[in-house]
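Feature list (source: TrEMBL):
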{"type": "BINDING", "residues": "CYS354, CYS400, HIS401", "note": "Zn(2+) binding site"}
Amino acid sequence: MGRVYLRCLTGCFSCLTGSNMFSVFWDRFSNNLHQWELYNLLHWRQNSTSKARTCGGEHESSSCFNRPMLQCMGVKPGSFTVSGKVPNDFSTARIPHFSRIVNARFSKRIQAKIKDLLQQMEEGLKTADPHDCSAYTGWTGIALLYLQLYRVTKNQSHLQRSLDYVKRILRNLNGRRVTFLCGDAGPLAVGAVVYHKLKNDSESKECVAKLLQLQRTVISTDSELPDELLYGRAGYLYALLYLNTEISPETVPQSIIKEVIDAIIESGKNFSKEERKTDRCPLLYQWHRKQYVGAAHGVAGIYYMLMQPIANVDQETLTELVKPSIDYVRHKKFRSGNYPSSLSNETDRLVHWCHGAPGVIHMLMQAYKTFKEDKYLKDAIDCSDVIWQRGLLRKGYGICHGTAGNGYSFLSLYNLTQDRKYLYRACKFAEWCLEYGAHGCRIPDRPYSLFEEPVTRNYRSKWDLRYGWSYSLPLRHFSTGDFPVSSV
């Protein structure tokens, strides 16, 4: 039972520290809100309630919470208001103006939760699978966690701890997959970044060289590699862009990046032609014979990566191929503002990053940035309302299909619009995650997981270490406020 408790808590911890939900959350508070504005903001109330909906995985369901949002979160008057200084310890002491923004009680809760989760995590690692090196379920996720702690705290010991895990990872690569989250590209990319920050250029360059050797498999026309983010070409593209963001823009030559992008584009054009949808959706993709929509396995994650500025996709491709494909997906929107799990699915059921509005919203926001058309922002706002109404999931606190992952959407939308309503919503989802065990969430079949769908056996025999900030891959990493492992 202790392991179950530990893995469920990792989603909460990710919400506090992973990919900038922690650092940007407080930076945005300190930079943009006067105290009287914050006071008024935190007395804002959600007026509407939603009916109970089911929000399970692709093949099973779990209930959303259907009580009024603030009551559901257990919000108490004065629990989130402005007050005096915060004790000068742990990471919050290093965040600018933190003590002027958040009251002492809430600050202490965050500090205590982080310390508690770190201690439990390290204890649980003693029984972890020594052979799982992925960012998605394995040791690279732990290295990423400590790298993020280093970003927030500037504590050199966290960077050294990340290095300890990197060394273990690089001795056990299996070569079976090529993506950032689920393959060797993730460990190699993270290793390159950690060594770079430690000024060990020779080891960093060796990791980069090994990562680039995977490209041949990725661009091969004979390869059966999919194009999606978790297992496909978009996941490898993420690793390349990650290096150019974290180390320098010249780390991976643009010619190599272009070859990967060209392979993704050509694959999408070919499948669209097969499906006779070239006019409506010029870039169409499938995974396991299904045309998924969401961020993990679907077109939302692929289009999102193609629109990243650092990818340098030419404007003609964006306008003639990516944009109409996004519009095709937009027209599949349910009346609620949510999106189907796949193009053929007509059930308005899932509100997860992997399937539904919490993943599609990031594509829509990036489309708004890229094409400057208000329709994309409007649809993103519709997504955020669905997430606010239905995004507290009984399935747990995870990133892929849990409350922490859903909360990132509000932070991203606030960063885009500067509308404080979305910052407030991000705050409340984060606060809800602090109250682990108080909301009646079920324990999933794989309770230690942050990204993968639950399975039905052997979850106690293996500790899946899913801290990777993939799509996550987001959120202060590349584009401030974006979901982990997604924005570059």
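Count begins at 1; order follows the chain as displayed.
Each Cβ is built from the backbone N, Cα and C atoms, and glycine gets one as well.
Remember, predicted model here, so these are calculated numbers, not experimental data.
Taking the features listed in TrEMBL, we show where each one sits on the structure.
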residue	record	CB count, 10 Å
CYS354	Zn(2+) binding site	29
CYS400	Zn(2+) binding site	29
HIS401	Zn(2+) binding site	33
